[in-house]
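**Student:** Before I ask anything, here is the structure I am working with.
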């Protein structure tokens, strides 16, 4: 690859201008804030800011929008780790192990790991965007309904293991989630299913209010109960000691997970039909499957946290690949950004990388800088932010409840969603008291709708020859192979272990 | 403390009274107007509104606050609009054909029709187009496509059941005996990926979301389902020109109020929206997005919606109603 010096100089000249640097800082700080608060999302922030960017230079405007996007995905992990309140659906998997680490007094390390992993995932994805955009965009076009169905099924294979040890409970929680995902208008026939004449239910049960209820409200109720029973006071607060960074041994363990999760994130990000919420669970699943100690996942395993956080930030650059090369956004937030590109007279496609190369490369390098800045801000603030976990619960609980209500309302400006959140809060409490996994419901809600849509679409697309259609597509075959591997590997492992045991006994 | 409380309470009581007292057409509007958008922030309707509103706000002298109420294919927002007071301080965007199919589809048992709204002004009309994969070899123009589709089942991507793309596809089947079957997607991104990746045989979409891809050669638009050619894709002939009359398709969106708004206020709003829509900056930004600003008011706007109603009614058998 030849490096065009003039282009390079122009890129840095544009980025060095004060308004671009200002927008970079505003975007990163604003994005972290938007992401951390449940109910406020990057998508919403970008949508509200697009009219504000009319008067700006295109580079400043798009650096602002993309910095918000990247930083919000990271910001979602902070509240997930510290108070079990994922700021975005992409951080639901983060809450699994992140919050357990906080309870064990490793909150600082969890924040540090999450920050570093987010930065690494984000940077890898930007590098992929810089160097591999055209081929990756072509790959993303090879994915359609059958592949989306299979990816969703692949993701669903994790459900069985989400309630550690109690397979039947995990599966039944997953089934409940799938059942919930059936509510709403049937995409193929427009029939309103299980809506009982309530217009709010026609788009289905909103994921974010349900997730806030299942994770945050149930957590508040469980903590409150503990506090009441044990008459514990401030002494119940987790300690804050420990280092910000993972130890050298932990780093060595994380290397594989981080690389794998980065790749998963970039690839899932490229796909218009799947985003950070899907990527984080797929990466979590893969990390667990490849781990030496899969049973520790969900109990504060640093690898689980790293997998989720690396992959959801790797989605950000990945989602911009089809956006910039094909004009097909890879996620909800980038769909809004597409409007921003058009308004500034930037047409995605070949022309963007030739005629407007100086602008698009400035935006991409700007995103790289945004990721670095996000890391610096995150690490600098971690020691202050972590104190949230040491706030006495009696003070913290009402704040979490208020945030949950406001967040649920804000998503669709809907009181109905607040009722949904409350109902799911109660459901979550009862489930956790009886050992059912709330994460399994969230996972099934995310993937159930995707699986159904993909399968129904592929039924039409196959024109009657469904099996032939699925077996004729290379990526579909590949994912089927992965699903088989995921399903059979625990059985194979058990069989091997048993045989080894028998050999040992007989000798 | 006590004094502050009393003053506060007085303010709480008297403020709404003052506001109600001031609802007279003479000084309308004298406070911010809420505008319900029945789709999410960042969607096409929302972005269009956010581009338009600064110019309208200059005309009216008060802010227009956007309230996004997505859900139910627009019906969560429209139900809220219909239930709102008709004092002129709650307006909303109405989108066709979702609004019309939504109250005509018997599955939903909605007791609503056009008379429940006071129409203010249409904002954008986005005509339908038929496009194919850039490397398609089986057909390269509309004659070949129709001939092929008369003897073969072809999959067609749309942006949703009962939407304008779906209805256009049914109209083609109805008039020209084609055998298109719909693959409904959840939005433009998914739809574009389906046709550009060659996963569906043909794509029914709109000028606004396909014109740039056509100009950059990522897909090929072979016909526009409009009375005349589009300024954004002047090389694309209309279906009528090509010898296939009777299939016109569009999605349109405009501003409406709940029925019964004061006639003077309505006239004031109408004038402000017309002036705002003619603002050069607004027109330029909408053109960048490939969206056709199509200002229609009064009877003209109503006639357009009634024509849509008529078109849907003639297809009710095909829609299974």
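Cβ from N, Cα, C; glycine included.
Note that the structure is a prediction, hence the values are computed from the model and not measured.
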**Student:** When you get a sec, could you say which of A:294-311, A:438-455 is annotated transmembrane segment by TrEMBL?
**Tutor:** A:438-455
**Student:** Pick from A:90-108, A:204-222: which range does TrEMBL record as transmembrane segment?
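**Tutor:** Going through A:90-108, A:204-222 one by one, TrEMBL gives transmembrane segment for A:204-222.
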**Student:** Transmembrane segment per TrEMBL: which of the ranges A:148-167, A:228-247 is that?
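**Tutor:** Of A:148-167, A:228-247, TrEMBL gives transmembrane segment for A:148-167.
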**Student:** What stretch, picked from A:263-284, A:388-409, A:438-455, A:475-493, has the most CB pairs under 8 A with the transmembrane segment (A:173-192)?
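**Tutor:** Per the Cβ count, the answer is A:438-455.
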**Student:** Would you mind listing the long-range same-chain contacts of the transmembrane segment (A:62-83), meaning Cβ under 8 Å and 6+ residues beyond its ends?
**Tutor:** 15, 20, 23-24, 26-38, 41-42, 45-46, 49-50, 53, 56, 90-92, 94-95, 98-99, 101-102, 107, 110-111, 114-115, 118, 122, 215-216, 219, 276, 305, 308-309, 312-313, 315-316, 320, 333-334, 337, 340-341, 344, 346, 359, 362-363, 366-367, 370-371, 373-374, 378, 385-386, 388-389, 396, 400
**Student:** Below 8 Å between Cβ atoms, which of the listed ranges A:323-346, A:358-381, A:388-409 makes the most pairs with the transmembrane segment (A:263-284)?
**Tutor:** A:323-346
**Student:** If you count Cβ pairs under 8 Å, which stretch among A:358-381, A:388-409, A:475-493 touches the transmembrane segment (A:204-222) the most?
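**Tutor:** Selected stretch: A:388-409, with the most Cβ pairs under 8 Å.
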**Student:** When you check the transmembrane segment (A:438-455) against the transmembrane segment (A:148-167), do you get at least 3 Cβ pairs under 8 Å, counting only pairs 6 or more apart in sequence?
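**Tutor:** With 3 or more qualifying Cβ pairs, these stretches touch.
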**Student:** Need a quick answer: max count of Cβ pairs under 8 Å to the transmembrane segment (A:475-493), which of A:111-136, A:148-167, A:358-381, A:388-409 is it?
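**Tutor:** Stretch with maximum Cβ contacts: A:148-167.
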**Student:** Going through A:148-167, A:358-381, A:388-409 one by one, which has the most CB pairs that fall under 8 Å from the transmembrane segment (A:111-136)?
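**Tutor:** If we count Cβ pairs closer than 8 Å to the transmembrane segment (A:111-136), A:358-381 scores highest.
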